[in-house]
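Visitor: My structure is below; once you've seen it, I'll send some questions.
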Amino acid sequence: MQNFTGVGVSPGRIIGSVRQMPKPISEPPAGDRLDPSKSADEATGELRAAAKTVQAELQRRAEAATGASKSVLEATALMATDPMLIKAAVKLVATGTSTERAIWESGASVAEMLHNLGGYMAERATDVLDVRARIVAELRGVTAPGIPHSDVPFILVAEDLAPADTATLDPKKVLGLVTSGGGPQSHTAIIARALGLPAVVAAVGVDALADGTEVYVDGAAGTLQVGPGDEQRKAVEAWEHVAASLSVFDGNGATADGHLVPILANVGGAADAVKAAEAGAQGVGLLRTEFCFLERDTEPTIDEQVVAYRGVFDAFPGKKVVVRTLDAGADKPLPFLTDSTEPNPSLGVRGYRTDMTSPGVLKRQLTAIATAAEASSAVVWVMAPMIATVDEAADFAAMCRVAGLKTPGVMVEVPSAALRSASILTEAEFVSLGTNDLTQYAMAADRQLGTLAALNSPWQPAVLQLIQLTVAGSIAEGHNKPVGVCGEAAADPVLAVVLVGLGVATLSMTSRSMSAVGAVLKSVTLEEAQGLAELALSARNADEARTRVRAGLPILEELGL
């Protein structure tokens, strides 16, 4: 039996057939000319036929889809035979340009024009580039890019998934995710946890598996086995029973001896908030406000923001909702805020720092948050991302209080904030650990790179020590101010025990993770959690830390985690 080992990022056991994510379509060579044996009319006919085939396939998939996926596919299908796109390509073919190069250049021109128009039209630029690649694939006779289509469920294997790839990912068809790249905090890992799909990342060699190969995936163990036998099939059956019991959270986060640990939700808008409330979340530990700003060419008005925030606050009457102010920059660029020429966006102007280059945006957002909070019974806290110094924390807290927001806090993502947490908490009322970025910055490892997955793990003892230092700062000088975790680390049921043992007060995660985290927490006392945290802190590396803690949690085997 052939085995592959990676990093398990979302629990679950599944058996299914492999479908490989098609490789990206390469750009046709510049100056590529038409085959001399083919006339321009013949080439034009082939080009039009390829475009119609792409449109028909996208339309067929749209008819079978629902919700946002249906809308995305319908818009892309219309663009496949857009007259402007095709006419421009036909003109190039008439001058002797190859069909592949003609549609490539035509797509680039049309996309640039749409982008320059701004607003809704700018959003269609991505559709043009998508259909361009699909038409080139059809002309080459190769598989189109994107999530493969299948009439039967499958296990998706890829190098990694980009955010755009997930727009048409149907969890009813995709049984699990396995990637050769990525890391425990990559986009693939985050999506898998949000959708409740078993997932393994950084599994080197899986991209060589042939389509149709039957495999067994264990998302907790981080393994993939080719040709599963009776043992693996029994493991899948056992997981199905466990998964049913873990599908419901009782709304009570606590250890076995009654130490309360509120389990909150990470949400990105009103729809997420409603689902989280229905799932039993005890509040919101992270409201990502980027949903108001993304896919826009201009800043949303205060009134528009108030409406958006009210939708979230109203889902949690009387409960805490922690709002993160705009975290633009790096992997979330905004045309009206972000400098596209920055040489290193992750270390550039992002989060709180955008107030230095675009003053007024943060102030208006705080006004909108305060206005929405006044009209709601939710208990609204607000925090800034990318705070690195005490002065920055003081400045943000002052801005919040001027706006009428009485509970300002900061995110601890930059190691300097962890080291200076005691001083920062003389200004702020709470801190929330963003473990995704904290790990990336502490270990100097891009969280999207599979080759650095071992470094980019929140289990790294150095990262755990930064968390410990932050908690120590929170109780220094009599502060006793709360420390929460809203990064992906909180969604790991095993690591959650360590976080509680280190003194973290609240855990915030995707709704699907709440029941598993709650179940594991209920299996240990606070003293036991503190003992396991010490074992993790004293480990030589991330793997040893995780192995030590897992050995002290017998419930994991029972729950299939």
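Just so you know, the numbers here start at 1 and follow the chain as drawn.
Any Cβ shown, glycine's included, is placed from N, Cα and C.
Quick caveat, the model's predicted, so the values are computed rather than measured.
Below are the features listed in TrEMBL for this protein:
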ACT_SITE  H187  active site, tele-phosphohistidine intermediate
BINDING   R288, R324, N436, D437, R447  phosphoenolpyruvate binding site
BINDING   E413, D437  Mg(2+) binding site
DOMAIN    5-124  domain 'Phosphotransferase system enzyme I N-terminal'
DOMAIN    154-222  domain 'PEP-utilising enzyme mobile'
DOMAIN    254-524  domain 'PEP-utilising enzyme C-terminal'
Visitor: Please report the distance from the Cα of H187 (active site, tele-phosphohistidine intermediate) to the Cα of R447 (phosphoenolpyruvate binding site), rounded to the nearest angstrom.
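Guide: The Cα atom of H187 (active site, tele-phosphohistidine intermediate) is 9 Å away from the Cα atom of R447 (phosphoenolpyruvate binding site).
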Visitor: With Cβ-Cβ distance below 8 Å and at least 6 positions apart along the chain, what are the contacts of D437 (phosphoenolpyruvate binding site)? List them in sequence order.
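Guide: When sequence neighbours closer than 6 are ignored, D437 (phosphoenolpyruvate binding site) has M386, E413, V414, R447, G487 within Cβ distance under 8 Å.
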Visitor: Determine the most Cβ-crowded residue among the recorded positions H187, R324, using a 10 Å radius around each Cβ and all protein chains in the structure.
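Guide: Max Cβ neighbours within 10 Å, all protein chains included: R324.
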Visitor: Ten-angstrom check, please: count other Cβ atoms within 10 Å of the Cβ of R447 (phosphoenolpyruvate binding site), all chains counted.
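Guide: For R447 (phosphoenolpyruvate binding site), the 10 Å Cβ neighbour count is 25.
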Visitor: Neighbour count, 10 Å Cβ-Cβ cut-off, for E413 (Mg(2+) binding site): what number do you get?
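Guide: I get 25 for this one.
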Visitor: Work out, from DSSP, the number of helix, strand and coil residues along the domain 'Phosphotransferase system enzyme I N-terminal' (5-124).
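Guide: Its residues fall into 75 helix, 15 strand, 30 coil.
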Visitor: Using DSSP, would you call E413 (Mg(2+) binding site) helix, strand or coil?
Guide: coil
Visitor: Count, for each of the binding-site residues R288, N436, the other C-beta atoms lying within 10 angstroms of its own C-beta, and report the residue with the smallest count.
Guide: R288
Visitor: Averaged over the whole of the domain 'PEP-utilising enzyme C-terminal' (254-524), what is the pLDDT?
Guide: 91
Visitor: Going by DSSP assignments with H, G and I as helix and E and B as strand, what are the residue counts for the domain 'PEP-utilising enzyme mobile' (154-222)?
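Guide: Final tally across the stretch: 18 helix, 19 strand, 32 coil.
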Visitor: For R447 (phosphoenolpyruvate binding site), just give me the three-state DSSP call.
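Guide: Going by the DSSP assignment, R447 (phosphoenolpyruvate binding site) belongs to neither helix nor strand, so it counts as coil.
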Visitor: Kindly assign D437 (phosphoenolpyruvate binding site) to one of the three DSSP-derived states: helix, strand or coil.
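Guide: Where D437 (phosphoenolpyruvate binding site) sits, the three-state DSSP reduction gives helix.
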